[in-house]
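Structure first, commentary second.
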Amino acid sequence: MKAILLVLLCTFAATNADTLCIGYHANNSTDTVDTVLEKNVTVTHSVNLLEDRHNGKLCKLGGIAPLHLGKCNIAGWILGNPECELLFTVSSWSYIVETSNSDNGTCYPGDFINYEELREQLSSVSSFERFEIFPKTSSWPNHETNKGVTASCPYAGANSFYRNLIWLVKKGSSYPKLSESYVNNKGKEVLVLWGIHHPPTSTDQQSLYQNADAYVFVGSSKYNRKFKPEIAARPKVRGQAGRMNYYWTLIEPGDTITFEATGNLVVPRYAFAMNRGSGSGIIISDAPVHDCNTKCQTPKGAINTSLPFQNIHPVTIGECPKYVKSTKLRMATGLRNIPSIQSRGLFGAIAGFIEGGWTGMIDGWYGYHHQNGQGSGYAADQKSTQNAIDGITNKVNSVIEKMNMQFTAVGKEFNNLEKRIENLNKKVDDGFLDVWTYNAELLVLLENERTLDFHDSNVKNLYEKVRSQLRNNAKEIGNGCFEFYHKCDDTCMESVKNGTYDYPKYSEESKLNREEIDGVKLESTRVYQILAIYSTVASSLVLLVSLGAISFWMCSNGSLQCRICI
């Protein structure tokens, strides 16, 4: 009975002791992040750095609508293909859109010289002034300006020609030498286009230009070239055995361009005074145009985001995140969100000495749970939580600011003869893209590792702060908890939490209780030893009596014979 009372006393004393535990916040978050050492670590809070959503629409950029070329391409639009007539009045745009079936380009067959370079030039133009550089009615009185039409460029069922060019042919039976100049007084670059016609036969050459040995000269301060028609039989394209090559140049302000010819010249009628804009570009997209606004446009759709990375499309126009190949870039801001003990990190992980987080503590990341005679409850440590929030917020903002270099990234133009250069360029671009992706992923992995270790150390520091105050006035019972050797009411608990715990005040009470508990433990140990000896002896006696009784019974009924020899 004495032993039982001692055991009950010990249990009662342990059960009624006041306790204080250090712990951390937990919630129902399913966010996962990757670190250098682990993948898919569940955390309480995180921020996404990778945009993977778009609206599937072509939108205005900065409030300015794009120029959608429809079934026309750049060549058809800038030369004035009759099928592109609806585009001729457009003078400004945010970016230019071609579609995958933009087939209306050069209606009269031939080569557009340096077409890819022209596209590059136009990709940085946001508006232009289309003006009549050589008026049709007054510039060419000695040449025919209305008969230069062709069935390959029809309009409304009749033969027609490019709206921005004039195909000059002989007037009557003569094609006198022409010489016309234009001085650029627009104060900006002027784009001028012209063409050279190459007939299939000498008969066609004479019927169109009269002069068998014709030439064309075009010159400015930066461009000088003499052309001779190449008369030769060729396979018909769009019903034409002849060919027409198209040329262009940029005239600087104050510069002069001169056209001199005795035949075969397709002269410019309209030219373009260009205004460049850094946010413009050319994209190929089949997405529909909508009345929406965005800061970043891709061929797949518009992106409205402040995130530093996107994996939607490498071609972008406007203020856009950097494209990476990653499928996930999530940065941890909160703590591990797991209920079981797992060791990890510089400090052995939060769960190295605390089993799991507290969903009941909702007003901070780190804090306390106490239990005493006045009740129990959770309380966050606001100072350490706020310091952690400030530090992590500054870090996240710094990462986003450093990586959020928004810019336009458009494709480069190469013609069919430059495939090797194009392939090399793609390899270089892919290499840069791989480096960007690797750097972004490594940065996130390292920062996630540091953040989780940072939280681990904060919980550890909070635990050490309490332990250093309590010293031997309480004992560590594991799982981040302390059991007081003295009564600790709510005021006492609060003093531990805010760092003002009065150790000497409770030392004497703690010493007495500690000695009493140690004495109870010692007496309990002695009683248990006596009980163990008693039970061993009693068990042996019962076993011997049982064996004797069985032997006597077996001898009495003859089942067992006993012989005693002397």
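Note that Cβ sites are derived from N, Cα and C of the backbone, with glycine treated the same way.
Taking all protein chains in view, 13 other C-beta atoms sit within 10 angstroms of the C-beta of C292 (disulfide bond). Positions annotated as disulfide bond by Swiss-Prot, on the basis of sequence analysis: C59-C292 (among others).
The disulfide bond annotation in Swiss-Prot covers C72-C84 (among others) and rests on sequence analysis. C72 (disulfide bond) is surrounded by 23 other CB atoms, counting those within 10 A of its CB over all protein chains shown.
The secondary structure of C107 (disulfide bond), as reduced to three states from DSSP, is coil rather than helix or strand. Swiss-Prot lists C107-C153 (among others) with the feature disulfide bond, giving sequence analysis as the kind of evidence.
C296 (disulfide bond) falls within a strand when secondary structure is assigned with DSSP. What Swiss-Prot lists as disulfide bond is C296-C320 (among others).
Residues annotated as disulfide bond in Swiss-Prot, with sequence analysis given as evidence: C488-C492 (among others). In the three-state DSSP scheme, C488 (disulfide bond) is classed as coil. Sequence-distant contacts of C488 (disulfide bond), defined by Cβ-Cβ distance under 8 angstroms and a gap of at least six in the same chain, are D18, L20, H370, N372, V496, Y506.
Here Swiss-Prot flags C555 (among others) as S-palmitoyl cysteine, drawing on sequence analysis.
Among the features that Swiss-Prot reports, S-palmitoyl cysteine is placed at C562 (among others).
The feature S-palmitoyl cysteine is assigned by Swiss-Prot to C565 (among others).
The feature signal peptide is assigned by Swiss-Prot to 1-17.
Residues or ranges marked as topological domain 'Extracellular' in Swiss-Prot: 18-529.
Per Swiss-Prot, transmembrane segment is recorded for 530-550, and the stated evidence type is sequence analysis.
All protein chains shown were included, and the count of other CB atoms within 10 Å of the CB of C153 (disulfide bond) stands at 24. Taking the C-alpha atom of C107 (disulfide bond) as reference, the shortest distance to any of the disulfide-bonded residues C59, C296, C320, C492 belongs to C59. In space, C59 is the closest of the disulfide-bonded residues C59, C72, C84, C153 to C296 (disulfide bond), judged by Cα positions.
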